[in-house]
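Noted in TrEMBL for the protein shown:
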| type | residues | note |
| --- | --- | --- |
| DOMAIN | 100-516 | domain 'Major facilitator superfamily (MFS) profile' |
| TRANSMEM | 21-42 | transmembrane segment |
| TRANSMEM | 151-170 | transmembrane segment |
| TRANSMEM | 177-196 | transmembrane segment |
| TRANSMEM | 202-225 | transmembrane segment |
| TRANSMEM | 237-258 | transmembrane segment |
| TRANSMEM | 264-282 | transmembrane segment |
| TRANSMEM | 347-368 | transmembrane segment |
| TRANSMEM | 374-395 | transmembrane segment |
| TRANSMEM | 402-421 | transmembrane segment |
| TRANSMEM | 427-450 | transmembrane segment |
| TRANSMEM | 462-482 | transmembrane segment |
| TRANSMEM | 488-511 | transmembrane segment |
Amino acid sequence: MPSFDEVLKEAGEFGRFQKRVFFLLSQTGITFSSLFASVVFLGRAPGNFWCRIPGAAELSERCGWTLEEERNFTVLPLLLGNESVPGQCERLDVTWDASASCSSALGRSGNGSAGSPPLAPCHGHWVYEQPRSSIVSEYDLVCGNAWMLDLSQAILNLGFLAGAFILGYAADRYGRILIYLLSCLGVGICGIIVAFSPNFTLFLIFRFLQGMFGKGTWMTCYVIVTEIVGSDQRMVGIVIQIFFTLGIIILPGIAYMIPTWQGIQLAISLPNFLFLLYYWVVPESPRWLLTRKKGEKALKIMRSIAKHNGKFLSPHYSEITISNEEVSNPSFLDLVRTPQMRRNTLILMYAWFTSALIYQGLVMRLGIIGGNLYLDFFISGAVELPSAFLILVTMDRIGRRLPFAMGNIVASVACLITAFLPEDIPWLKTTVATLGRLSITIAFEVVYLVNSELYPTTLRNFGVSLCSSLCDLGGIIAPFLLFRLAAIWLELPLVIFSILAAVCGLLVLLLPETKGISLPETVEDVEQL
């Protein structure tokens, strides 16, 4: 009886069938990255807004005022009385004189004080002067509520974290394609509810759920792709990252064409329903079927793959051999029970955490250069494209470990140099910081591939999901680490990033090289790497 890898070679390791499945599943990267970065456009800051005095709307309607005229009567007196108050988070503490003429309707102050105009905090009476809506203007996430916009992104990352554990476990127990399809359905439904949420609480609940299902689609499609190709073709795990970057590049175009945040939210959510059509064209992973003692189904799928690739399996094949390793429901203890698995797991968890923390930290630090949000965001995504091509050129020649380590080391050096460059040469600081971002992006993309290659089939989806959950933890911590340390010394975050990346670059050298090696089927295979 042949092994799975022997049957795969005979059926075609990357033939027409695998290319079709790869292309179809890669589209998930576009929708997932759009969800990941959508807060930039969903939560765009309002250009100009001001606080409306209670009762002003009714009087404005009676007097036939335009918004500009109403602002002149309500906000300009505030500006004249106190130039340091912009009139956004505070308002005049006055009452309207309903019997007065429309040209002098501003009446007594609320506290009866004389002199400078009395002030009162604004509570839910903001007027936004902008052509495009956002969740900021929809739910009044300004002034004292501004932190809630950060909360919305943290909630999304918590959803990613929950999806890594819950759906990663489910994919190893119930099947890759089943969980992928259910996750696509969940992303679409939750995305629609988010777009029409009547209040911010409901918005947060379903944004969390959309993040959870979104992580399920991304991680599961990645595992399926790596499990149906041969050991020499697993670079598709890097190529699929290009589609993630394409989503980053496409998103500003979508946001530019659609003026409302609800429209943007629907545009990035509804395509997930199209992925449900994959039920008829993407089969279950044969590797997973073998681990669940479903050899007949696995062999049937392999014959179908061979047929699509223009090849034929030997008619004498009646079963594909697998290890006698007992199949059980995966748990964290399975990832740390043996020496090599324990070492791999701990190093990979740290690598995921470090890559995400530094990547997001550098993106936030560079910020948006210039005044064109759409163009600047497009360029920031295009900067990441060379990383995938550099990996494709090097990894098949020199392996996985060296690019993995060098990506972290170069990022470490770039961060350290940037921290101590003088401020009077900003172009050089920006260039070196961009080199650091490119390098950490390389490390970020390599960890996806290495992670999937260092776990056996019985634990692969769970292992990748668990380790990558540290990525979501890093994403949650990054803004707090960046802004709190920057308050002490502006360049202190870069020094911390440099130390974290240097340690990671050294640790990944302890991982085994997986270039040209068949995917391990059992824990024993991993221990022998």
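Quick reminder: no glycine exception, Cβ is built from N, Cα and C everywhere.
TrEMBL: automatically predicted annotations, no manual curation.
Sequence-distant residue pairs (6 or more apart) of the transmembrane segment (427-450) and the transmembrane segment (374-395) include at least 3 whose Cβ atoms are under 8 Å, placing the two stretches in contact.
Over the domain 'Major facilitator superfamily (MFS) profile' (100-516) the predicted model carries a mean pLDDT of 82. Segment contact is absent for the transmembrane segment (402-421) and the transmembrane segment (202-225), given fewer than three CB pairs below 8 angstroms at sequence separation of 6 or more. Beyond the transmembrane segment (264-282), the same-chain residues lying 6 or more positions past its ends with a Cβ under 8 Å from any Cβ of the stretch are 20-21, 24-25, 27-28, 30-31, 34-35, 38, 41-42, 177, 180-181, 184-185, 187-188, 190-192, 194-195, 210, 217, 224, 251, 254-255, 258.
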